[in-house]
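A.B. asks: Would you mind keeping the following structure in view while I ask a few things?
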Amino acid sequence: MSVQAVADIGLIGLAVMGQNLVLNMDDHGFVVCAYNRTVSKVDHFLANEAKGTKIVGAHSIAEFCAKLKRPRKVMMLVKAGSAVDDFIEQVLPHLEAGDIIIDGGNSHYPDTIRRTKYLESKGFLFVGCGVSGGEEGARYGPSMMPGGSTAAWPHVKPIFQAIAAKVDGEPCCDWVGETGAGHYVKMVHNGIEYGDMQMICEAYDILKKTLGLTADEIGEIFTEWNQGELDSYLIEITRDILKFKDTDGKPLVEKIKDTAGQKGTGKWTVVSALDTGMPVTLIGEAVFARNLSAIKNERVAASKILGGPSGKFQGDKKQFIHDVSKALYASKIISYAQGFMLMREAAKENDWHLNNAGIALMWRGGCIIRSVFLGDIKTAYTKNPELTNLLFDPFFKAAIEGAADSWRRVVSQAVLLGIPTPCMSSALAFFDGYRNAVLPANLLQAQRDYFGAHTYQTLTSDEWVHTNWTGRGGNVASTTYLA
Ligand code: NBP
């Protein structure tokens, strides 16, 4: 008996993300065929969560592919890594030219570049789609960042844009770019998330250690911050976390061990920043802050050996709380400016045509970094798609200049009192470096030429020259290249 092609899309991987995406697609009128490596999970899903829906299941890859309308759309929500390659090989014999394979997991972008090239060489289309928003996002509207074979977009667009989160009626999903662009942008999203979280932790720490505020009091401050320019999902959940009481009535947050975990996407962002030569300092510090937190035993030992300042905060409390909000805001502007600088460079290297306003819109809703702030970034890039740097946009230039005095007061105060603010202070150092036409790299070039004959250019000539600084070395220069 021949199997009828009834499904608009097929989904492999019935764990938390896959199940919720299938239900979301069903809500929007699409017929979905579900499959899972452990096939018993298909029947369990159909008999429980999917009961009463139009969702169909399959018990083999052959049956699964036969149930899909053409061009077939096979979406995978499985563990990133070899599982994706394994499934690709399993479905290929059942597909035909023009069919589309979509990887919705957290794959590393070089894998997505490789898979796109491989599948296109065989006549298939491939989409690497970053999906953010966790379980709830997947169920009711995630942020989706698809990239890969451009010809696939018109086929997946109606489904993706229907199920994605909406902000002012606009879907938080648009085509990101070629090959691995979708997963790259998702990776940078995660890196920015690391930065946002660390900055918020720094604000909490400063308020606690400088002004001696309780978790409840800081929760109140966050409630107020969430009404204005800092309005965001992460500020909102931090407010709720700070106010959350354990069964004994004490704030639960203060009982949690201060060692942060990580799954690697922040690190990938920083590795890519180092590879492309982009100073994405804030995310770098956010990753290192997690690393430092993780060596708790060593820190406890160090705290008994190494002393620090013992001064007390002397200033105006209300003004300082305002200053901390501005320091957070300014640091956040730097982090996003750095993130967009990184994407700009990666796009150049990989020949991607990224749409910055579209990226800001995709992050505006549905995902962990969703915020009012991203609406302002979208406006900036819509006004000027060729904007070299977010800091050159009149809105952000005025915002960061307006916050700068507060930011400097907070970082100075933290340094004086010995409170670590790696993100806020590195962001300020970046800002001061970026806005300075002259940096001390003249001396650095002289040092390099002194010990390694690496040559240098002068302010008036592009010619590479070497100086015999000591009179002892020869006049032979080293080859000039970028490492
Ligand atoms: P998991 O990442 O836990 O993956 C579970 C799925 O992968 C199951 O369907 C499992 O099949 C399958 N699988 C595994 Br594990 N190893 C396999 C292998 N070697 N071959 C074939 N299938 C294999 O599920 P998830 O949390 O729903 O996440 C799915 C993807 O979405 C991941 O890439 C994840 O990083 C990403 N993501 C997750 C979230 C989130 O909040 N959880 C958010 C955004 C993105 P089985 O049932 O037979 O074991």
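Glycine is no exception: its Cβ is also placed from the backbone N, Cα and C atoms.
From TrEMBL, here are the annotated features:
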| type | residues | note |
| --- | --- | --- |
| BINDING | Gly13, Leu14, Ala15, Val16, Met17, Gly18, Asn36, Arg37, Thr38, Val78, Lys79, Ala80, Asn106 | NADP(+) binding site |
| BINDING | Asn106, Ser132, Gly133, Gly134, His189, Asn190, Tyr194, Lys263, Arg290, Arg448, His454 | substrate binding site |
| DOMAIN | 182-470 | domain '6-phosphogluconate dehydrogenase C-terminal' |
| ACT_SITE | Lys186 | active site, proton acceptor |
| ACT_SITE | Glu193 | active site, proton donor |
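So where do these features actually land, and what's packed around them?
C.D. replies: Cβ-based neighbour count (10 Å, all protein chains) for Thr38 (NADP(+) binding site) stands at 8.
Within 10 Å of the Cβ of Tyr194 (substrate binding site) there are 27 other Cβ atoms, across all protein chains. The secondary structure of Tyr194 (substrate binding site), as reduced to three states from DSSP, is helical.
In the three-state DSSP classification, Lys186 (active site, proton acceptor) falls within a helix. For Lys186 (active site, proton acceptor), the Cβ neighbour count at a 10 Å cut-off comes to 31, with all displayed protein chains included.
Sequence-distant neighbours of Glu193 (active site, proton donor) (same chain, 6+ apart, CB under 8 A from its CB) are Leu234, Gly266, Ile368, Ile369.
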A.B. asks: Considering only the recorded positions Lys186, Tyr194, Arg290, His454, which residue has the minimal Cα-Cα separation from Thr38 (NADP(+) binding site)?
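C.D. replies: Result: the closest of the recorded positions to Thr38 (NADP(+) binding site) is Lys186.
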A.B. asks: Cα-Cα separation of Arg290 (substrate binding site) and Gly13 (NADP(+) binding site), in Å?
C.D. replies: 31
A.B. asks: Do any of the binding-site residues Gly13, Thr38, Asn106, Gly133, His189, His454 touch ligand 1, in the sense that the CB is under 6 Å from one of its atoms?
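C.D. replies: Among the binding-site residues listed, those whose Cβ sits under 6 Å from ligand 1 are Gly13, Thr38, Asn106.
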A.B. asks: Which one is it: of the binding-site residues Asn36, Asn106, which Cβ has the fewest other Cβ atoms within 10 Å in this structure?
C.D. replies: Asn106
